[in-house]
Amino acid sequence: MDNEELQQLVCRISLESFQKPFIHQAYFNGRLRSTGGRYLLQSHNIEINPKAFELYGIKEIQGIVLHELCHYHLHIEGKGYQHRDKEFRELLKKVKAPRFCSALHTSKPSIKKQRRYTYTCVNCQQLYIRKIKMNVEKYCCSKCLGKLELLK
């Protein structure tokens, strides 16, 4: 889906759900990170996170567009357009728009892999796993008091 198709989708949803035209611009903004979309108060444009389409498809985009159009139409009419406003919450229920979008952040793999040190006793082969490297000259086996050696 590109910006032109998104613009047509927003205009169609606006007419079907609100019976009012959407006369401004709707486009994808790849810089959005944690939000599905946003309504810009000064320009009246709507920005949509392209990651929402990639992860969840057209159904999620339609929900985000409905939500942002609630902000849009209430702001244009001079009514309460913020999330905390009663008029906004009522309009969300009326058009069956979601209050929140699905989670967009994918869990990143841990950057720093936890390092483990494995020691073994020379006499009885008792294993010791430690996060912090230790001086084998200073410590001995707790079972037989034998010498320790680093495996990894």
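Glycine is no exception: its Cβ is also placed from the backbone N, Cα and C atoms.
What Swiss-Prot annotates here:
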- E68: active site (ACT_SITE)
- H67, H71: Zn(2+) binding site (BINDING)
- 6-151: domain 'SprT-like' (DOMAIN)
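Within 10 Å of the Cβ of H71 (Zn(2+) binding site) there are 23 other Cβ atoms, across all protein chains.
Other C-beta atoms found within 10 angstroms of the C-beta of the residue listed as 'active site' number 24, with every protein chain shown included.
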